[in-house]
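Q: I have a structure here, written as structure tokens, and I will follow up with some questions on it.
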Amino acid sequence: MARVYDNWERLVRATLNREQLRTAGQGHERTPSGIAGAVPPSLVRTTNIDAILQAADEIQEEDAIVARILCEQAYSMAQNLDPNSEGRGVLQFKTGLMSVIKQKLAKRDGAQIDRSHDIEHLWEFYQRYKRRHRVDDIQREEQNWRESGAFTSANLGELEQRSRKIKKVLATLRALVEVMEALSTDADPDGVGRLIIEELRRIKKVGELIPYNIVPLEGPSLTNVIGVFPEVRGAISAIKYTEHFPRLPADFMISGERDADMFDLLEYVFGFQKDNIRNQRENVILTIANAQSRLGIPVQADPKIDEKAINEVFFKVLDNYTKWCRYLRIRLAWNSIEAINRERKLFLVSLYFLIWGEAANVRFLPECICYIFHRMAKELDAILDHGEAYHAASCKIDNGPVSFLVKIISPIYDAMAAEAARNNNGKAAHSSWRNYDDFNEYFWSPACFDLNWPMSTESSFFHKKKRAGKSTFVEHRTFFHLYRSFHRLWIFLALMFQALTIIAFHHGNINLDTFKVVLSTGPSFAIMNFIESSLDVLLMFGAYTTARGMAMSRLVIRFFWWGLSSVFVTYVYIKVLEERHQQGSNSSYFRIYILVLGVYAALRLFLALLLKFPACHTLSDISDQSFFQFFKWIYQERYFVGRGLFEKISDYCRYVLFWLVILACKFTFAYFLQIRPLVQPTQTIVKLRTVDYSWHDLISKNNNHALTVASLWAPVVAIYLMDIHIWYTVLSAIVGGIMGARARLGEIRSLEMVHKRFESFPEAFVKNLVSPQAKRMPFNRQASQESQDTNKDYAAMFAPFWNEIIKSLREEDYISNREMDLLSSPSNTGSLRLVQWPLFLLSSKILLAVDLALDCKDTQEDLWNRICRDEYMAYAVQECYYSVEKILHSLVDGEGRLWVERIFREINNSISEDSLLVTLSLKKLPLVVQKFTALTGLLTRDRHQPELAKGAANALYQLYEVVTHDLLSSDLREQLDTWNILARARNEGRLFSTIEWPRDPEIKEQVKRLHLLLTVKDTAANVPKNLEARRRLQFFSNSLFMDMPSAKPVSEIIPFCVFTPYYSETVLYSYSELRDENEDGISILFYLQKIFPDEWENFLERIGRGESSEDVDFQKNSSDTLELRFWASYRGQTLARTVRGMMYYRRALMLQSYLERRSLGVDDHSQTGFFATEGFELSRESRAQADLKFTYVVSCQIYGQQKQRKDKEAADIALLLQRNEALRVAFIHVEESATADGMASKDFYSKLVKADVHGKDQEIYSIKLPGDPKLGEGKPENQNHAIVFTRGEAIQTIDMNQDNYLEEAMKMRNLLQEFQAKKHGIRPPTILGVREHVFTGSVSSLAWFMSNQETSFVTLAQRVLANPLKVRMHYGHPDVFDRMFHITRGGISKASRVINISEDIFAGFNSTLRQGNITHHEYIQVGKGRDVGLNQIALFEGKVAGGNGEQVLSRDVYRLGQLFDFFRMLSFYFTTVGYYVCTMMTVLTVYIFLYGRVYLAFSGLDSAISKEEKLLGNTAFEAVLNAQFLVQIGVFTAVPMIMGFILELGLLKAVFSFITMQLQLCSVFFTFSLGTRTHYFGRTILHGGAKYRATGRGFVVRHIKFAENYRLYSRSHFVKALEVALLLIVYIAYGYTEGGATSFVLLTLSSWFLVISWLFAPYIFNPSGFEWQKTVEDFDDWTSWLLYKGGVGVKGDDSWESWWNEEQMHIQTLRGRILETILSLRFFMFQYGIVYKLHLTGKDTSLTIYGFSWIVLIFIFMIFKIFTYSPKKSNNIFEKCINFKLFMRFMQGVTSLGLVAALCLVIAFTNLTIADLFASILAFIPTGWAILCLAVTWKRIVWSLGLWDSVREFARMYDAGMGMIIFAPISFLSWFPFVSTFQSRLLFNQAFSRGLEISLILAGNKANVDV
């Protein structure tokens, strides 16, 4: 039995070990050892079992009894928590733990265990452990130190060293305390039990024993000095409870060792959650402390916060509340600002933050929070005036305590959740449910006070209505929103077109008659405004009963006003026209008409001035005249948001001038090249009378050929409406380029420029990036040359920062060790009398100078002049000379030193006397250099061998011999040889017999540096070699000369937080992921090794491995494996890369703070070695200062679920937490429980965790939520739940595919100063836009295109948007938000389902509407990853286009379009939704032109008109098509790109890059992207369906299968391309052009290019797209997919039928079906036109011919049914009696023969020709497609008729045909191997240029490659 037990125990232990190893491989660098590492997650979540077991392991050797007690207690806890061992792994764990306990018992050799004394033994050990580690002493010292405020460098070092040890001690103490507490119930209450209880009271709540976030407020911390800072102590003191506050009940518990404060009162009164209280207490303290630090650090022993700091926080936090009260014209919660003291202000600020912190989803309703705050502030005011604190009535639960969450937030949340449930997972119409904005805008009306207080749940606000209670806007899905939101633009364009057309038809003659006709724009203006007011009324359907009465009144008034105005103006203008034709008329109506128009225009201009110009805006606001306010209200709706959208005069004039230039160019182009050329053709066509139509015309024949004129003008009108965007693009590129040049962008664009200008870097760096506090620091150096003092100071301040940048490049493996040595800068703090520059500037300069000296035949001055031509050569020579002197002085003493001094004295004299060439024999310099190099080579080694000292002495003596007897002149040589002192020492053997080995760090640094200076022979012109390292250094050095705010000391900067939302993307590549090969045999690691070969070599060098390291070597060493995982992850788009980059902010702040040497008491820091930065990351003061200013929160929404599932992502996130002590992770925790009725319920918590000393998650805060936080879009909801854990006054939004760099992080404090700059307009900035660098551009040509496109947008485009246009929005990351501004106004994104799918840009809309100001800054950059494969790019662009489609429907776009002034509205439109409208118009122009041409061809009018008059307006058509083609192929997209290239790369590189892009078919890519954007934008507005599309962020080098591409692009590109191809074929077949085929080609070139691009781009840009084997496999896969029957649960990826059903899902509504029906009717035109062109029909144009064609079509359909009939199980008697299958085959054969015979007879005996047969196919294919579209649209009807199966087979045949059309050219080209080779070169040119063997990668051949 014992053997069985032993086997069982070994099995359990082995299993636990495997589990531990598996967990370790996934995550932690250091995991709990032994059984502690195998605690199941179900036990870890609610207990500290693992920490107790870890403590047991650590004290096992010290006291085995205590270790056993801890293990037994852990087992008891596990048993109590899960007695039945139901949790995963619990039974296994318990068994293993019991085995461990039994082993511990067995070691006692069978002795009896007396557990009755366990508690006493544990208590004694606890006391011993505390004494041994001096815990109480350390606490007392820390407390004394805090109270004294003295903080010297001496105790700093000691405390830093101590802090590294104390954390583990405290962790063990925490475990002991927990076990003692559990066992104390059984202890003697009068003995050890009493002692334990007293100790628990004293220690349990102290310091590190309570988790804290940043500031340890519950008690003093032994490892965190942030509480020592005077501003923090002052802030804590400011919120302390005072005697004049209401008394708290005696039984109210104060947590920790702190005094009561304001938050305790608020907790008691309103029932806020404890962790919300703790969270916001820290938030308020940090906010006040940082506000105070900007005003000045308190210097009193008991620091106090200035009134100014409190007022600053008060006004900023409650600014939106104040504006809300003024808008509703209600009294504030306080009577006047003077009437409330500082305590009341802090109470109100704290109350607001607590409401916001617990509001959950209600945070998206900022005015709702204002309402809650208003009511609660009134309650608080009454309580503060009372002597005793009591519970607020509004938060009282029936017969229970108070709870803010239950009574205030939950009812509002429940109402929002009920509405969210009505949106049918985003599929319901927006108008059918209330979104976040609708709920919030309820509080924009005084009616919100009908909610009462406490809130009445009977209010209409809470009730679920049958129809959504919209308030101010209804998001109906229609294109009419474009007209409604931007009606001023469309009216302006229409009126200008009308006026220009009238002038053109009057042949350009401007006279009174023309003027009267031009005045017809008056009725047009009135009618178009009437249309807009009608749309206002119609599109408010759904809000008639719930909208504010005043708003509805305005709509009705405007409707009748414009209706009557239209009638009146039209009537008067008709009378004017009648007068025009009457002779002798007195023109009275003309005068009335002019008067009316003049008065109206003057009034509009006057109101525009009042509403838009800043000078007049104040006047309009203060005017209370009812009459004036009425007209202002009619002119412009008054919302809570959108007021004050004006800019200062200078900004206004700039963007007005910008648009005047564009409009002038646009209308000039339109008049001369679009409108005027069509005048004569139009007049000719209208006058034609005798024209025979070749088909049965229904409209034009007797109507002046109306459709012909329309087909002529339609493409011109289409281009007219969109070409303004072309002019905008061109001018913005020019303006952006000029602004960039003025900002000094691109001044340093190459490594050569870095070398040349490096001398000026220190001064520029110190000027911009070093704070005044650091500039005042003293230097330790001897007397320097006066002229070099300043430069040396600059170089000394610059060196530590530069060296940390170089160090970071080495850590990131961008440079090698050698390059790091060459790039590093000397400290420049020593006694050397000149500036020392990095060696990469001076390398090989000495050797070149020696060569110059050898060749010198002139004077000393000439030699020096030649050396000085290269300034760095001069620096090298000077440094070498002074360094040699200093080193030799340090090495020798006695006679040797006399010789050194004599030699240098003689040389200095000769230099001053210009006789150096006489004193020295320069021919011997190489020998001297050789000898000295030998000496320095020995001195660079560490002296640990006697022979080294002997060798160095010998080398020095040889140097002496060479210098004395070879280098010096004969006279000087004789003097030295006869020098008695020297001769005696030489003869006695004492000269240089011993040397003083260098010990001084300065001398050691100089020796090493001089050795490199003398030995590096290669030029360092290409250092660093890595392109990314070069780019970063170039940009950083360039930015030093750009305009930026000066740096403040770290203690005074604006605190900020970085915020990253994360869902389930890759955190860290696992080793298996790196090694696993794809279908082509390529692993991620292999790919990275080939893409980044130099970085791979640097990585191997860093970890101490050679290039031949095998895979097995990494597996043997776990640390190297982890380093490998990080190395690969840092080159992907992973969370690990983002976290590393963002933590550079903390590192930069620590470095800057360390060098500023802020004193926490007396000024006692040492003046020596000030700029030595070793150990700055260990400085507790610097770390605390950085934590005070910087926090990083990653919102990992499902981290809790990932931990439960033991996903590798959870372990990787835990590893990131352990490696980054300042990192915080927020997540949603779900607890399931059973209710009384047996139903399951879920409680949701928002949690914040950090890593403890054991690497385990330590929960800091846990705030209960009212319900599931995901009511809207996932990402903004993820941000919203975690934003309460952010800190500071700024927040940088960072996506998880971004990166950052240390050198850029150093500029963050400069960027933050922009919030306080006065140069950005009349309002301070609320969002700071930041430049991005796309780091994925080198992967492939597609990635390069995308990178260039993205870069031009995030640099040049946003530069212009911010200034002069003032319409930059928030386009995603990495913008920096004013945190206080945005969290009090709804957050940093919007979250309503679907409508806010592009959540980021709505933050910009919201900020602008709420009088924010968004700027853009380019002296700092952040890295960003982008999609690198075509499918990824298409999904991304589809997501963005769909998001823009939803924006068209949104209230934000409507309000901005209405409330911006006209010119700013133009900027806004063409840079947001207008861009996509113009994109869509580009494609529609092709359709309009071709359908117009096909109409002319079918009707026969093109040939008829050309015969009558050879005029068809080809000049206009050419202008139209040229403009369309240039937009289509991306030329105008490339214009900003080219300008950016010119600016930042130079003209030649820009031209080369542009040509390279064209050769790589970028035009094909841009044309294809045009189709993507058009499809998703148009479909979203028509049908909806916008959604988040996961694009994936991996490395895309795999081949995409044909079927996958077909599924993705069939409906968006292929169908449309084939339609255009069909139009082109019809046009070629039946059209008429004077120039014949050549004219056809030229006229339709752009259309053919579009067809080819849309059909074949997915395969051109598909790796191995033309490889024969892949093509064969693709065909098999596609046919299998096409023929596979779908079914329940079968995905579209596996079956054509399932995919086809999914493609129809977007057609949901009746409106959508009607629109689809209308659009499908266009396909019937082909059959209608072609049937009259057949030879069979002759010249007959009767409708009978068309009817007969349908009979033929039905006959063909019947034949199709016969051939595709597939009998199923049948009950038909006839089918049972005969072999039905045989019968059907017979019928199919007879039908086939009959069909062939009939066809032959028809051809023989009628006029039907073979050409007619092909023409019929051309006619029936689109008709069949139209029928198919209609059948899909009206699926239910077709299904009820029993025709659905036939429709499905019909559709399958069409998809098969389309697939074959595309597949045929691909298979043909695959026969030729060179095509595949050419394609690889095309796709991966960038990678080829960096040495990538792409053919090797795609072939998967790794035979000759070492890992």
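Here the Cβ of each residue, glycine as well, is placed from N, Cα and C on the backbone.
In case it's useful when we look at the structure, here is the feature table from TrEMBL:
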- 343-456: domain '1,3-beta-glucan synthase component FKS1-like' (DOMAIN)
- 489-506: transmembrane segment (TRANSMEM)
- 526-547: transmembrane segment (TRANSMEM)
- 589-611: transmembrane segment (TRANSMEM)
- 652-673: transmembrane segment (TRANSMEM)
- 717-741: transmembrane segment (TRANSMEM)
- 1468-1490: transmembrane segment (TRANSMEM)
- 1614-1633: transmembrane segment (TRANSMEM)
- 1639-1661: transmembrane segment (TRANSMEM)
- 1714-1731: transmembrane segment (TRANSMEM)
- 1743-1765: transmembrane segment (TRANSMEM)
- 1786-1807: transmembrane segment (TRANSMEM)
- 1854-1874: transmembrane segment (TRANSMEM)
Q: Take the C-beta pairs under 8 A between the transmembrane segment (1639-1661) and each of 526-547, 652-673, 717-741, 1854-1874. Which stretch has the highest count?
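A: Between the stretches 526-547, 652-673, 717-741, 1854-1874, 1854-1874 has the largest tally.
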Q: For the domain '1,3-beta-glucan synthase component FKS1-like' (343-456), give the DSSP counts of helix residues, strand residues and coil residues.
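A: Residue counts for the domain '1,3-beta-glucan synthase component FKS1-like' (343-456) by secondary structure: 79 helix, 3 strand, 32 coil.
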Q: Is the number of Cβ-Cβ pairs under 8 Å between the transmembrane segment (717-741) and the transmembrane segment (489-506) three or more, considering only pairs separated by 6 or more positions?
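A: Output yes: the transmembrane segment (717-741) sits against the transmembrane segment (489-506).
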Q: Restricting to CB pairs under 8 Å, which listed stretch, 526-547, 1614-1633, 1854-1874, is in contact most with the transmembrane segment (489-506)?
A: 526-547
Q: State, in range form, which of 526-547, 1468-1490, 1614-1633 has the highest count of Cβ pairs under 8 Å to the transmembrane segment (1854-1874).
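A: Stretch with maximum Cβ contacts: 1614-1633.
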Q: How does the model score the domain '1,3-beta-glucan synthase component FKS1-like' (343-456) in terms of mean pLDDT?
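A: Over the domain '1,3-beta-glucan synthase component FKS1-like' (343-456), the predicted model scores a mean pLDDT of 90.
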Q: Six or more residues beyond either end and a Cβ under 8 Å away: which residues meet both conditions relative to the transmembrane segment (1614-1633)?
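A: For the transmembrane segment (1614-1633), the sequence-distant neighbours (Cβ-Cβ under 8 Å, at least 6 residues beyond its ends) are 1483, 1486-1487, 1490-1491, 1493-1494, 1496-1498, 1502-1503, 1506, 1571, 1575, 1606, 1639-1640, 1643-1644, 1647-1648, 1650-1651, 1654-1655, 1726, 1729-1730, 1733, 1815, 1818, 1821-1822, 1858, 1861-1862.
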